[in-house]
Amino acid sequence: MPISKTLPYNAIEQIKSYLLQLQNTICVSLESIDGQTKFHEDSWQRAAGGGGKTRIMANGNVFEKAGVNFSHVSGEQLPASASAHREELAGRHFSALGVSLVIHPQNPYVPTTHANVRFFVAEKEDSEPVWWFGGGFDLTPYYGFIEDCEHWHQTALNACLPFGETIYPKFKRWCDDYFFIKHRNEARGIGGLFFDDYNEISFDHSFELMRSIGDHFILAYEPIVARRKDIPFGNREKAFQNYRRGRYAEFNLVYDRGTLFGLQSGGRTESILMSLPPIVHWEYNWHPEKGSNEEKLYTDFLPAKDWLK
């Protein structure tokens with residue numbers, strides 16, 4: 001008997017329950033790592049349908065700014081960013097649920113990170129629903145450490161292995177391609193996992209894969225923070241961190257599909273733009289000093305590679 005891709009009647013409730021639990025688990029872990037500052041929760045409603053819970057930590061001991069956002073929005077018409085490449089979505093009402101987070105640390109030796117898991121369904125009367133999962137996690141170091149990159153990608157591999165040996169290399173390559181700043185001709189970071197439009201085998205299979213990736217995020221990030229958060233740094237390192245944060249802002253405002261979807265669908269601007277760094281510095285035509293640790297980021301870490309060889 002073939003496995004069905006039919007959407008269970010309670011799919012939204014299942015996913016929402018998991019996402020709220022994931023948001024809480026991640027926030028508890030980050031508060032424990034920081035040891036000083038708690039998240040502030042801001043619940044919000046969207047006039048066109050839905051709402052969410054945005055949790056923000058600011059000026060902590062370890063984290064300069066961290067945002068962990070849950071949203072569940074719905075509407076009668078899809079924004080252009082979602083329907084442009086999928087004609088079958090025209091004329092359907094939609095629901096989109098997700099947890100999205102971005103963490104900007106105080107210490108430049110601790111990488112910035114982003115993670116997202118989401119579900120999307122578009123429905124129309126007398127038609128089968130169109131649904132899929134998406135998400136992933138990626139790492140943006142300022143000063144690279146090989147052992148951190150290997151740990152990050154090993155944890156990403158562990159998240160994917162239960163679903164087949166082809167998943168990690170596919171999602172890893174997708175991440176490298178997606179988080180590439182075309183106008184700079186450089187990667188945003190050292191990658192990780194990225195997937196979208198995932199609707200394979202069955203709803204249960206697809207949901208389990210999304211959960212595995214969501215659950216492995218904190219396992220990937222926490223040990224790296226623990227190793228790097230107490231390394232001494234000075235003005236030079238902080239200035240480089242703020243300069244590189246400019247690349248983060250450029251990517252999010254120019255290319256990121258989640259940002260574009262949120263803004264075009266009338267989402268909550270404060271929650272959508274929580275990903276932006278608290279302090280950013282642009283400097284005209286700046287280049288790192290030859291042989292410096294700053295240059296090594298560009299030469300040894302940002303170019304896409306297989307970290308598990």
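Every residue gets a Cβ built from N, Cα and C, even glycine.
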Checklist entry - To which of the residue ranges 140-175, 248-283 does Swiss-Prot assign the term region 'Important for dimerization'? => result 248-283
Checklist outcome for this item: For the substrate site that Swiss-Prot gives as Asn116, Val117, Arg118, Gly266, Gly267, Arg268, the extra residue out of Ser95, Ser100 is Ser100
Checklist entry - So of His104, His114, His153, His183, Arg268, which of the recorded positions has the fewest other Cβ atoms within 10 Å around its own Cβ? => result His183
Next on the checklist: Under DSSP, is Gly267 (substrate binding site) part of a helix or a strand, or is it coil?
Outcome noted: coil
Checklist entry - Counting every protein chain present, what is the number of Cβ atoms, excluding its own, within 10 Å of the Cβ of Val117 (substrate binding site)? => result 27
Item to check | Neighbours of His104 (divalent metal cation binding site) among the binding-site residues Asn116, Gly266, Gly267 (Cα to Cα, within 10 Å) | outcome: none
Checklist entry - In the structure shown, with every protein chain counted, which of the binding-site residues Ser100, Asn116 has the densest set of Cβ atoms within 10 angstroms of its Cβ? => result Ser100
Checklist entry - What mean pLDDT does the predicted model reach across the region 'Important for dimerization' (248-283)? => result 88
Checklist entry - How big is the gap, in Å, between the Cα of Asn116 (substrate binding site) and that of His183 (divalent metal cation binding site), rounded to a whole number? => result 24
